[in-house]
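Trainee: Have a look at this one before I ask anything.
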There are 4 protein chains.
Amino acid sequence: MVDSDLVTLRRDLHRKPEPAWREFYTTARIVSELESRFELDELHVGPDALAGEHRLAVPDDAELADWYEQAREYDIDRSVLDELEGGYTGAVAVLERGEGPTVGLRVDIDGLPRPESDDADHVPTAEGFRSEHDGAMHACGHDAHATIGVGVFEAITESDFSGTLKVFFQPAEEVIGGGKSMAKSEHIQDIDALLAAHIGLDHPTGEIVAGIDGFLAVSHLEATFTGEPAHAGGHPEQGRNAVQAMATAVQNLYSIPRHSDGPTRINAGVVEGGSAANVIPEEARIVAEVRGKTTDLMEYMRSNARQVLNSAADMHDCEVEIELGAEAPSATSDADLVSVVSDVASETAGVETVLERDELGGSEDATFLMQAVQDNGGSACYVGIGTDHPGGHHTATFDVDEESLEHGVAVLAGAIERLSSER
Amino acid sequence: MVDSDLVTLRRDLHRKPEPAWREFYTTARIVSELESRFELDELHVGPDALAGEHRLAVPDDAELADWYEQAREYDIDRSVLDELEGGYTGAVAVLERGEGPTVGLRVDIDGLPRPESDDADHVPTAEGFRSEHDGAMHACGHDAHATIGVGVFEAITESDFSGTLKVFFQPAEEVIGGGKSMAKSEHIQDIDALLAAHIGLDHPTGEIVAGIDGFLAVSHLEATFTGEPAHAGGHPEQGRNAVQAMATAVQNLYSIPRHSDGPTRINAGVVEGGSAANVIPEEARIVAEVRGKTTDLMEYMRSNARQVLNSAADMHDCEVEIELGAEAPSATSDADLVSVVSDVASETAGVETVLERDELGGSEDATFLMQAVQDNGGSACYVGIGTDHPGGHHTATFDVDEESLEHGVAVLAGAIERLSSER
Amino acid sequence: MVDSDLVTLRRDLHRKPEPAWREFYTTARIVSELESRFELDELHVGPDALAGEHRLAVPDDAELADWYEQAREYDIDRSVLDELEGGYTGAVAVLERGEGPTVGLRVDIDGLPRPESDDADHVPTAEGFRSEHDGAMHACGHDAHATIGVGVFEAITESDFSGTLKVFFQPAEEVIGGGKSMAKSEHIQDIDALLAAHIGLDHPTGEIVAGIDGFLAVSHLEATFTGEPAHAGGHPEQGRNAVQAMATAVQNLYSIPRHSDGPTRINAGVVEGGSAANVIPEEARIVAEVRGKTTDLMEYMRSNARQVLNSAADMHDCEVEIELGAEAPSATSDADLVSVVSDVASETAGVETVLERDELGGSEDATFLMQAVQDNGGSACYVGIGTDHPGGHHTATFDVDEESLEHGVAVLAGAIERLSSER
Amino acid sequence: MVDSDLVTLRRDLHRKPEPAWREFYTTARIVSELESRFELDELHVGPDALAGEHRLAVPDDAELADWYEQAREYDIDRSVLDELEGGYTGAVAVLERGEGPTVGLRVDIDGLPRPESDDADHVPTAEGFRSEHDGAMHACGHDAHATIGVGVFEAITESDFSGTLKVFFQPAEEVIGGGKSMAKSEHIQDIDALLAAHIGLDHPTGEIVAGIDGFLAVSHLEATFTGEPAHAGGHPEQGRNAVQAMATAVQNLYSIPRHSDGPTRINAGVVEGGSAANVIPEEARIVAEVRGKTTDLMEYMRSNARQVLNSAADMHDCEVEIELGAEAPSATSDADLVSVVSDVASETAGVETVLERDELGGSEDATFLMQAVQDNGGSACYVGIGTDHPGGHHTATFDVDEESLEHGVAVLAGAIERLSSER
């Protein structure tokens with residue numbers, strides 16, 4: 001049986017998805033849920049939950065203001081909203097229960113800027129909790145993650161756990177924008193063991209992955225080429241062609257040599273340039289990302305990418321400005337935590353299969369928190385919670401099987417309890 | 001002295017610039033000017049003035065409707081506007097004066113989609129006839145062209161001209177969109193001699209170019225590449241990368257071999273592709289143009305461009321759809337007409353310099369009309385009317401010296417009269 | 001103490017290095033060594049040792065004849081040489097010792113087409129066994145491999161081994177040309193366990209790697225673009241430019257997407273094209289190789305490479321002929337054999353370090369034999385025998401520490417004995 | 001009737017073609033012909049005929065020595081050969097005939113490094129004067145040019161010419177290597193009128209082009225990229241790939257923007273790079289040429305080409321060395337000389353058609369001499385002498401109709417005489 005409060009919470013969040021740094025309603029709703037139901041020892045909200053100067057990929061003020069205004073129209077605590085203004089979203093909830101380890105749980109809470117399916121057989125449509133926004137959707141299950149965070153808090157409250165629990169409700173994961181600012185906050189510094197979790201990832205309901213690895217370090221970069229326009233018929237030689245520079249760069253970015261130390265990635269994901277068919281293009285832009293199995297490999301790619309971009313600009317007598325965007329390091333799940341999670345999961349009702357390890361193959365900014373904890377001598381582990389999801393992640397028909405909310409809460413809370421008893 | 005009616009007309013048109021196929025007010029204003037002042041033997045408006053199915057580069061319905069609605073708010077004859085609905089703009093005015101040649105004069109009437117300078121020393125600003133639209137401007141002098149067309153009609157009315165005069169008020173030159181539809185209309189078929197004219201072109205007030213040549217044939221083409229998206233970190237090999245196809249195409253478009261028969265041009269003027277840094281781009285687009293000194297050379301470029309675009313798509317396992325856009329042929333001014341214009345100009349008050357020939361180096365869709373007349377055995381000539389213009393063509397500070405309106409009227413009307421007396 | 005016969009043999013082979021398919025003297029010398037010292041149950045030489053039609057990367061007849069003639073000038077058995085004519089080199093020596101497993105040992109015997117150092121402190125120079133050929137050298141230790149093959153044969157002869165031993169003296173490894181033809185011969189079909197070995201690979205004397213993995217599957221391909229020449233000044237448009245096609249291909253070959261299933265490689269290692277500065281190039285050539293962690297990944301690269309090459313030719317109106325060259329599959333060392341080798345090595349005098357596993361990261365055509373044995377239900381293992389080598393593999397100062405010959409013989413013969421006793 | 005001495009001379013030169021800077025026999029034969037038949041006022045041979053330090057594209061010493069030795073085996077004056085050693089070929093013959101203009105005639109004398117057809121119907125084969133060298137041929141008619149030079153000298157000797165005649169027998173035209181050194185010599189400085197001539201060029205026997213124009217300025221450049229090799233399977237990231245740099249350069253060289261001032265050309269005529277399929281290529285080379293209608297346009301191309309080459313090297317972390325090779329300026333034929341030639345040609349027996357002007361569309365280093373004379377205030381003119389040539393220039397079946405030797409001598413000598421009488 002699924003806890004009806006959790007389902008209610010998850011569906012409410014699903015109905016009001018807010019993309020990165022715009023999680024105004026979402027944060028306020030989580031805070032209100034926690035405060036109304038539990039005795040919190042500490043609650044850090046918005047600017048107090050993160051190191052604001054380390055936020056990455058923050059949208060512009062106008063965009064933030066639009067979403068903020070929208071949140072204010074909902075039935076929600078205005079005093080919490082006030083603290084979040086300007087894109088300082090997220091929260092850290094703390095429970096102190098005597099002697100014992102300080103255990104962290106990190107869940108992310110942001111939605112995606114894409115429309116949701118209105119097919120009649122898409123469950124949120126059928127059951128009336130489809131996104132209220134045309135252009136936003138919880139298409140990656142972070143509504144479930146936030147809900148599981150609350151559920152774990154509840155479960156630990158009711159358990160024999162001894163020690164300190166901190167639940168990190170992290171904003172802006174989808175743009176790898178929020179992890180760094182939470183990792184740089186004081187709240188992470190005393191964590192002995194950190195669990196992070198993700199639902200789905202092509203694992204079915206009833207399957208748990210004890211330790212996910214293979215996070216690729218990632219960095220976004222945006223190159224803007226500036227040349228000189230000219231009449232393409234009358235005086236083509238007077239132009240300095242930013243689109244030629246861009247095309248040369250794209251060709252050579254993808255051909256940065258493969259590296260024998262492990263996987264690397266490059267993508268020129270968005271490009272644009274020029275103004276009219278008959279004008280030699282004076283401006284062009286590439287939004288790219290590089291990745292590597294390790295942070296070193298990502299830096300190998302980034303350094304090569306910069307050289308390609310600069311030389312391509314030189315070649316066509318253009319200038320190029322390269323802005324580094326959001327980034328995240330690589331990370332691995334520690335064996336000791338993986339083992340605890342695996343043991344607990346094997347004993348959890350409803351869990352039918354436990355995989356010791358699996359590879360993500362993508363990137364995640366939970367790695368900032370994992371790395372911070374590991375750098376301080378603690379352990380970290382990223383847990384996969386299977387759920388039957390009809391559409392793929394980030395697609396219009398993504399949805400979670402609410403049965404798996406229980407599994408997530410049970411496995412994570414169980415592991416947290418086990419950690420306290422073992423130390 | 002400049003005719004005050006002409007100045008008034010030019011300034012009114014300048015105040016209300018309308019880009020290609022949106023010349024609703026402009027057409028109605030010209031029609032009203034003609035009807036109110038002259039006895040017209042024939043007047044063909046909108047769909048009757050052109051072969052509608054040959055209109056090129058017509059904007060979408062919503063765009064047309066916006067401008068149409070705007071025009072309806074002006075103080076202008078609604079019955080004329082009614083005829084123009086749907087982007088059937090332009091007019092042909094006919095004067096029949098007995099035996100003699102049928103002479104055509106082609107002037108274009110559209111504005112450009114760009115803002116006008118609000119500098120205090122920009123004459124239209126200083127004298128209160130700056131564009132009323134933020135995003136449109138007569139930045140190429142077509143307001144003066146339309147005015148000259150009316151002025152010539154007036155002058156011929158008062159002259160000894162014997163024969164038939166047709167003035168073509170052509171829409172949509174800036175997108176090389178209107179020339180073909182007028183060239184395909186019945187009105188062009190009996191023209192014995194066609195004059196077209198352009199003001200400025202870096203020639204000062206008082207200078208006339210009797211025959212402009214060097215029109216490059218031009219063709220626009222738009223290629224849309226379609227591939228397959230994939231997660232750039234997780235499964236780059238599952239993508240079919242439309243941006244790589246596009247970049248390969250751009251590189252190879254510019255390297256189509258130069259041709260020994262004469263100048264050719266290529267420009268990938270607008271490009272765009274992809275959706276997000278972390279998604280292998282599934283779509284990309286190139287808006288390009290090719291030109292050639294002759295229509296054959298333009299076709300050499302176009303055929304090579306198609307091959308490049310198709311092969312680039314194949315290389316990256318993408319599809320590409322290539323749409324041909326607007327186009328115009330090359331043309332040359334006939335020596336007999338050039339000689340008449342040159343002679344007349346030399347005798348015209350205010351004209352200080354007459355150049356026999358000059359090269360345009362760009363493209364113009366007057367060439368459709370010139371070619372149609374020449375194909376029928378007639379002669380054609382494109383006349384340059386010097387004017388001191390502070391800013392370059394298509395820039396925010398472009399303006400004409402209104403003195404040159406008189407020169408244009410005098411030279412063109414004089415040439416038309418001379419043609420009637422000579423034959 | 002190093003066996004003086006082995007040192008003598010190794011130095012004689014070192015003095016007369018013969019590249020792929022030219023191992024005439026080398027084969028004859030090995031055969032003579034074996035026949036003079038041991039009672040062989042079977043000896044298969046040249047065409048009888050391999051499936052001739054599966055030889056890859058065979059040089060042309062003139063080249064073969066040159067080396068053949070040279071071999072005939074040495075003091076060596078002409079009747080053996082006669083069998084090898086036309087590039088059918090290599091041998092398989094068989095020892096039958098009653099009941100028991102059929103164990104194979106594969107060693108390669110070819111030299112490299114590169115000069116050897118004449119530095120005074122290069123041991124072969126100092127001790128008088130430097131290569132007698134200006135343009136050939138045993139720069140990868142295959143002289144030591146052949147010698148170890150003979151040494152193992154000797155050791156097994158003198159041991160309690162029960163079963164059948166086949167030593168494969170394989171030609172043409174350096175061009176991945178010989179492995180396939182031995183793998184396709186009948187001699188491989190009854191092998192229960194196959195050992196292959198390589199000396200050096202940056203492991204020092206006294207170190208043994210029980211099982212080497214990470215062989216990348218590899219395939220060579222050669223693309224020849226044919227276009228049409230034209231005078232580059234007079235009629236550039238009449239050319240069909242094979243160098244442009246080649247350059248487009250090179251750019252896009254290196255940018256074939258990375259694959260999430262594992263490492264891939266691409267290299268356009270040799271390119272050439274054109275005839276003169278003032279002629280549009282009518283011909284160009286790329287000699288490339290692709291690799292993959294698995295044979296499937298190599299085929300992914302090869303298939304993409306073909307598409308790039310074909311599309312690049314199309315783009316520039318050229319033809320392209322693609323010839324597939326030599327290739328080798330990937331392979332892994334079987335755990336059962338690795339365990340035996342590891343155990344034996346740990347007990348072998350002179351062996352100080354035993355590594356269970358290491359990655360090669362390159363390619364080897366021993367994989368053909370390994371795969372053939374594994375496909376038949378047998379096991380295979382590739383053993384690394386450390387040696388202090390002053391220069392890197394394939395460089396002018398490569399040499400082996402002859403101490404390691406003993407280690408190689410002891411570990412391999414020991415493992416072979418152990419296999420017979422265990423089954 | 002063709003002068004039998006001239007035919008004999010032409011056929012002897014044809015039999016012994018010598019490419020650029022190797023015209024040892026050729027020069028000696030011309031000198032011997034002149035000295036034996038005429039009273040020369042001055043004769044400058046080899047180093048005295050040109051400014052040696054301005055020779056371009058001189059082959060290496062070994063190549064020069066081979067051809068020099070070969071020439072010494074012919075029956076020819078050794079003392080002349082001695083002067084030419086080291087590639088100082090060519091001669092200037094002077095005839096002083098009192099008061100009057102100093103008129104120059106420039107003919108070139110080198111062969112091409114290509115084999116000649118041995119078809120039975122190729123006239124030189126049929127009539128026994130086919131090239132004696134397998135790898136060299138007079139495939140552009142310079143044997144005829146040298147012969148015409150001698151013929152004109154003879155004709156002027158026998159004429160009423162008053163003034164000074166200098167005939168420049170120029171070496172190394174085919175590599176645009178000899179013109180500059182003759183233009184920089186003292187002999188050119190007092191020339192009032194210079195004629196140069198070329199046979200064929202697709203004009204038939206009996207046709208004369210009075211003034212050829214449209215010489216494209218040209219410059220050769222050779223770029224050598226140096227990177228770093230690496231094992232393409234094991235450590236691709238350790239390489240610095242010179243072939244990638246080269247391919248990027250080739251793509252971008254061809255896409256240097258077309259120029260509105262007139263025709264430009266670019267060709268990457270010869271490329272090569274790399275050493276083996278499995279080695280990241282450490283070296284690559286491009287032999288390219290750029291051209292322009294004017295020397296400025298050529299320099300526009302050259303400057304852009306250098307930028308492309310340098311940036312392509314940077315992009316792939318390679319070095320590039322760019323060597324400028326031979327070059328030649330553009331030039332035009334002066335109207336006064338064209339008129340004289342045209343008049344004379346119209347009156348010449350055997351000449352059926354006279355074209356006033358034609359475009360070459362290629363390059364020629366006669367332009368160095370033309371420009372030098374024009375810079376000194378003199379006039380220059382390049383004359384085309386039609387001849388029926390079965391194969392195209394530079395092909396194996398090129399040959400001249402010996403009838404046209406007479407036309408060339410008559411028109412050029414006639415024009416020289418006319419010049420003396422007119423001034």
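Any Cβ shown, glycine's included, is placed from N, Cα and C.
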Trainee: From the candidates C:His122, C:His198, C:His407, give the one listed by TrEMBL for the same Mn(2+) site as C:Cys140, C:His142, C:Glu174, C:His394.
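Mentor: When TrEMBL describes the Mn(2+) site, the candidate it includes is C:His198.
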Trainee: Please list the DSSP helix, strand and coil residue counts for the domain 'Peptidase M20 dimerisation' (C:222-313).
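Mentor: Breakdown, helix to coil: 34 helix, 30 strand, 28 coil.
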Trainee: Validating a neighbour-count step here. Other CB atoms within 10 A of the CB of C:His198 (Mn(2+) binding site): how many?
Mentor: 26
Trainee: Taking the center of the Cβ atoms of C:Cys140, C:His142, C:Glu174, C:His198, C:His394 at the recorded Mn(2+) site, which other residues in this chain have a Cβ no more than 8 Å from that point?
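Mentor: The answer, listed by sequence position, is C:Asp108, C:Asp110, C:Leu112, C:His138, C:Ala139, C:Gly141, C:Glu173, C:His393.
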Trainee: Quick one: among the binding-site residues C:His142, C:His394, which has the most Cβ atoms sitting within 10 Å of its own Cβ?
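Mentor: Sorting the candidates by Cβ neighbours within 10 Å, the top entry is C:His142.
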Trainee: Across the whole of the domain 'Peptidase M20 dimerisation' (C:222-313), what does the mean pLDDT come to? Round it, please.
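Mentor: When the pLDDT values over the domain 'Peptidase M20 dimerisation' (C:222-313) are averaged, the result is 96.
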Trainee: Let me know how many other Cβ atoms fall within 10 Å of the Cβ of C:Glu174 (Mn(2+) binding site).
Mentor: 21
Trainee: Kindly assign C:His198 (Mn(2+) binding site) to one of the three DSSP-derived states: helix, strand or coil.
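Mentor: Looking at the DSSP assignment, C:His198 (Mn(2+) binding site) belongs to a strand.
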Trainee: Enter the number of other CB atoms within 10 angstroms of the CB of C:Cys140 (Mn(2+) binding site).
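Mentor: A count of 26.
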